[in-house]
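One structure is given here, and the rest of the page talks about it.
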């Protein structure tokens, strides 16, 4: 085995261990934020939505800067610094009794993610061969699902005693993750050349096809982020107990562990990436529309199952498509910018979703936020279809001219 192949194999295992620590640290804390501050402390959902949206927008919206800096200086210092900053954010969240302090803790957490998320994504693109990326992204998603359940179970158990224990556990896990990276991560360069920060950012911004694709995905993320805000609140309201939230993540884990990899393997042989992304988005949109009309936990979990199945179909295709469109000369910048759709969609999804949720309750129209999200998903589906049809038409035109 060549040294390059050996490095790739070792890199796969490193990425999987690192991902598990990050997922556990995140899901111990974040699914319980809405339960803690909305249901236990009586805050308006929009106040918590602002906090979650701020974290999302800072982490993903500034991702291009984190990625560009990592292109210049390498992945290791950015990842270690970012994880320590995330740990500080979680520690601050544990003592938050005013909205401004919760917002500040989410700001710290988001800035940490800005530093470590783009270089971690770029390492996947660097270490995993193109023909293997779809399957590897599926493995990461399976791991995400298992980690989400374990994290949510642990967080729910700790929440019975004290929310500060929840946040302290998340902080400790991110400190461990920082130490793991500081000790074992080699000083790898992310790109084929050491690209200056401004040049990497400029290269991305001139790629109109990539920019349009990323911005359109904002609508997809408006739906996806509700697993952190409105779906846990809805499960808690219907069940009457916050402990039921862990079953929502258990459903995701069961579906992911049993279906994700087989669906990815089968669909990559029979369908294009864009068709898989659009099919998953359509299922997510249609399953979200009736959520506000259900009154039983069984009906709600059935719709959540459909939503997760749509995500299982769409997410590996979305990740693989984003990676395939990235320029190897500026991987960090591309993977950082690819998070901008999540920044915009996440911020609007959290803040707008929280506001619509409160509005729906006040006017006795609980289905309002869910119907709006479903409509947004349908429009995003149509916009992606138009983009992909334009791309195919341009390709056919070039082939005919040649």
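Cβ coordinates are placed from backbone N, Cα and C, and glycine is handled just like the others.
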Range annotated as transmembrane segment - as stated in Swiss-Prot, picked from 60-80, 165-185:
165-185
Same topological domain name for residue 136 and residue 243 in Swiss-Prot, and hence the same side of the membrane?
no
Decide whether the stretches the transmembrane segment (277-297) and the transmembrane segment (13-33) have at least 3 CB pairs under 8 angstroms, with pairs required to be 6 or more apart in sequence.
no
The transmembrane segment (214-234) touching the transmembrane segment (340-360) per 3+ Cβ pairs under 8 Å rule:
yes
Secondary structure content, the topological domain 'Periplasmic' (160-164) (per DSSP, counts of residues)
2 helix, 0 strand, 3 coil
Counting a contact as 3 or more Cβ pairs under 8 Å, with residues at least 6 apart in sequence, do the transmembrane segment (368-388) and the transmembrane segment (165-185) touch?
no
Counting only pairs at least 6 apart in sequence, do the transmembrane segment (214-234) and the transmembrane segment (300-320) share 3+ Cβ pairs under 8 Å?
yes
Out of 99-116, 139-159, 244-264, which stretch touches the transmembrane segment (300-320) the most, going by CB pairs under 8 Å?
244-264
What are the helix, strand and coil residue counts for the topological domain 'Periplasmic' (235-243) according to DSSP?
7 helix, 0 strand, 2 coil
